[in-house]
Amino acid sequence: MALYSAIAGIPPELTLPVTLDVGTNNEALLMDPYYIGLKQRRATGPHYDQLVDEFMEAVVKRWGRSCLIQFEDFGNKNAFRLLSKYQKDYCTFNDDIQGTASVAVAGMLASFRKTNTKINHHKFLFLGAGEAALGIAHLLVMAMVEDGMDEETANSKIWLIDSKGLVTQSRPGINDDEHKKQFAKNVQETKDLMEIVNIVQPSCLIGAAAVPGAFNEAILKRMAEINKNPIIFALSNPTSKAECTAEQAYQHTDGRCVFASGSPFDNVTYKGQTFAPGQGNNAYIFPGVALAIMACQAHEIVDEVFLVAAKALVEQVSRKDLDSGSVYPPLDNINEVSLRLATRVAEWLFNKGYANVRPEPDNKYLFLKSRLYDALYDGSNFTKHVEESHHAWHQHE
């Protein structure tokens, strides 16, 4: 909640953290006298769905269709199901799926700028097939289709590895998993990462499985043999779960890779060149998206919003950033980055008819800026600023 205000300038009185407690199956917590949660087995099935339904209905009844509801830290099975269920009827998004996808795709688009290549020229191999990986994969397909590729060909560019190995068409039960089956390949099943790398010959290797050290020296060197500039995204966090470190990525690809991570890494000096690896933090995306959605009073958040956000983030990656090794703009400028990203999203919302604010403001940047909450305390004009911000948010209601 604090990041919405600190990064995007959304007034804190417009935010509310909510926890849905449906119990726990953790025996230690159930026996712990100091555990403050609901001491019962987790609710599942219809009882679980009824609770979430009731919550969603209550939010809209109290605050209306334009009240933004962000889902966070839901399990893989429920996350996709609930997003699909509510996306068209509520103003909602799942940051673990869509926010992660947006920031990762932004990093890849910036990588293509650095390597002077196009998205349609690439092949993507994911270690991991959970919320994050599937969200990224689906948004990559959207980006490729927008760039002129048909969806079937775009799907063929995405390869997934989950806990059972390479996701293949011959896997039992694959047709029951709608999110994985579109990426299933007609090849022999295997769990060996090196074998899979040799089969796929990927240009982009993305880690989202929290398997520390999975991108070992041999894998990284093989990626460097296959590609002039391999793209290595070790997105798992915390640092202890990263597939490789920045230093390992640069060292084992002879300094030729484009690297990004989900955890922060220090600068790396290799053969006299210093690299400042970028961190694909969702904070680049979700605060700005929320600012635009709330200010424009949109009633739904379609997937395209997150591709717009990704492209808006890439616009703010400078040549200096790319030359230093980062595919993201500096975090110390994140307030302006977020505002400019929100501006692009707001422009798209008005252009596509999703915005419900009338009259339409001519200058979307100034329209959003007038609504920003300033967290810096200045006793001389603080009250005046809060009143002006409050008026700006409510004048179109």
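Note that Cβ sites are derived from N, Cα and C of the backbone, with glycine treated the same way.
The annotation domain 'Malic enzyme N-terminal' is assigned in TrEMBL to 1-87.
A coil conformation is recorded for ASP73 (divalent metal cation binding site) in the three-state DSSP classification, outside any helix or strand. What TrEMBL records for GLU72, ASP73, ASP96 is divalent metal cation binding site.
If you look up TrEMBL, you'll see 97-350 marked as domain 'Malic enzyme NAD-binding'.
Mapped onto three states, the DSSP output places ASN237 ((S)-malate binding site) in coil. Marked as (S)-malate binding site by TrEMBL: ASN237, ASN281.
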Self-check item: Residues flanking the divalent metal cation site, with Cβ no more than 8 Å from the Cβ centroid of GLU72, ASP73, ASP96 and excluding those residues themselves
Solution: PHE71, PHE74, ALA79, ASN94, ASP95
Practice problem: Might you list, by sequence position, any residue in that chain lying six or more from GLU72 (divalent metal cation binding site) with a Cβ less than 8 Å away from its Cβ? | Solution: ASN94, ASP95, ASP96
Practice problem: Express the predicted model's confidence over the domain 'Malic enzyme NAD-binding' (97-350) as a mean pLDDT, rounded to an integer. | Solution: 96
Quiz item: Including all protein chains displayed, how many Cβ atoms other than that of ASN281 ((S)-malate binding site) lie within 10 Å of its Cβ?
Solution: 20
